[in-house]
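Chemist: Per Swiss-Prot, compositional bias 'Polar residues' is recorded for 286-297. What Swiss-Prot lists as compositional bias 'Basic and acidic residues' is 362-378. Look at Swiss-Prot and you will find 28-141 tagged as domain 'Cystatin fetuin-B-type 1', backed by sequence analysis. For 152-261, the entry in Swiss-Prot reads domain 'Cystatin fetuin-B-type 2'. Swiss-Prot lists ASN40, ASN139 with the feature N-linked glycosylation site, giving sequence analysis as the kind of evidence. Annotation comment: Swiss-Prot describes THR289, THR292 as O-linked glycosylation site, evidence class similarity to another entry. The feature phosphoserine is assigned by Swiss-Prot to SER316, with similarity to another entry given as support. Residues or ranges marked as region 'Disordered' by Swiss-Prot: 266-338, 357-378. The signal peptide annotation in Swiss-Prot covers 1-18.
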Amino acid sequence: MGVLRLLVLCTLAACCVARSPPAPPLPNAPFAPLRPLGCNDSEVLAVAGFALQNINRVQKDGYMLTLNRVHDARVHRQEDMGSLFYLMLDVLETGCHVLSRKALKDCGPRIFYETVHGQCKAMFHVNKPRRVLYLPAYNCTLRPVSKRKIHSMCPDCPHPVDLSAPSVLEAATESLAKFNSENPSKQYALVKVTKATTQWVVGPSYFVEYLIKESPCTQSQDSCSLQASDSEPVGLCQGSLIKSPGVPPQRFKKTVTVSCEFFESQDQVPGGENPADTQDAKKLPQKNTAPTSSPSITAPRGSIQHLPEQEEPEDSKGKSPEEPFPVQLDLTTNPQGDTLDVSFLYLEPEEKKLVVLPFPGKEQRSPECPGPEKQRTP
């Protein structure tokens, strides 16, 4: 029995000595958790500005967005790869069309009864030592302010109207005809109406914004505007058509106004805009510019969704409010994170990868968020 007991003890000792090697760490594990940041922090505001510049720059349609406030901000510091910011931004639509390529500082928000507001979620990569600024992904959701809110604040103010309404098209075509008649050297054709409001002044009045393109016709060719043309929009016009009581047999007297602003010409590479140029090229050294042969890699993933106005039902008391700006942005659902290849930003032999985590929710938000609004929305 003593010999048997000795054999058992020896066996246990051998098992303890011959331990298996420790398990390797999980690949792609995050270097550190997301850290909340104050929404009025100077670094956060700077990164939010860069993110919106890039979002505006990659758009082909619509109006530029400006920052109203930072709603939430987190950062993931990643050693030699710099930082990846996760931002939720409250935004306002400006009066500058994205094709104008104006500096955002020159574009103010719209007057309150034309307010279009919303939220954007964005991921933004910053590597200061390597002078890299990059927008991997974004999504935005926008809504106009409801007619009910506008009417409660200003019953006589203009309110939005359907862009396809016959009176809207009439206002656009008649104001463009006026512009063409006053500028006979070159004629322009309507591309599409982008904004329209209506108001009763001394009669029904319509105020429109619309894109125009060059027309190959002269002033004497009335049917030329119907010819097909592949030319790009060259400007944005603002027109109005005000109808007042006329002298019989005329029912209405029409007053038409128009002004047009032309876009600066944009040098395009074959196949469209070079997405590498959208990553704030002035901030990056030449060697870090992404090659033009890989536009699909460098272009940020995202879109801007336009939703109809959100009316608040009269019996909504006690009910959970509907999310006004539903925005989803998830490059991964893996809580441990996945990697995103950004080697094209560095152009070095070794691979460069960012760790991307699921976009954070409201939990563990900084007490300094949301930040202060620049403009109070209706």
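Here the Cβ of each residue, glycine as well, is placed from N, Cα and C on the backbone.
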Chemist: To the nearest whole angstrom, what is the C-alpha distance linking ASN139 (N-linked glycosylation site) and ASN40 (N-linked glycosylation site)?
Modeler: 22
Chemist: In terms of Cβ proximity under 8 Å, which residues at least six beyond the ends of the compositional bias 'Basic and acidic residues' (362-378) contact it?
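Modeler: Counting only partners 6 or more residues beyond its ends, the compositional bias 'Basic and acidic residues' (362-378) has Cβ contacts under 8 Å with 36-41, 67-73, 90, 92, 109, 112, 115, 117, 145, 149-150, 153.
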Chemist: Determine the most Cβ-crowded residue among the glycosylation sites ASN40, ASN139, using a 10 Å radius around each Cβ and all protein chains in the structure.
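Modeler: That would be ASN139, with the highest Cβ count within 10 Å.
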Chemist: Mind looking up the mean pLDDT for the domain 'Cystatin fetuin-B-type 2' (152-261) in the predicted model?
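Modeler: Looking only at the domain 'Cystatin fetuin-B-type 2' (152-261), pLDDT averages out to 87.
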Chemist: In three-state terms from DSSP, label ASN139 (N-linked glycosylation site) for me.
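Modeler: DSSP assigns ASN139 (N-linked glycosylation site) to strand.
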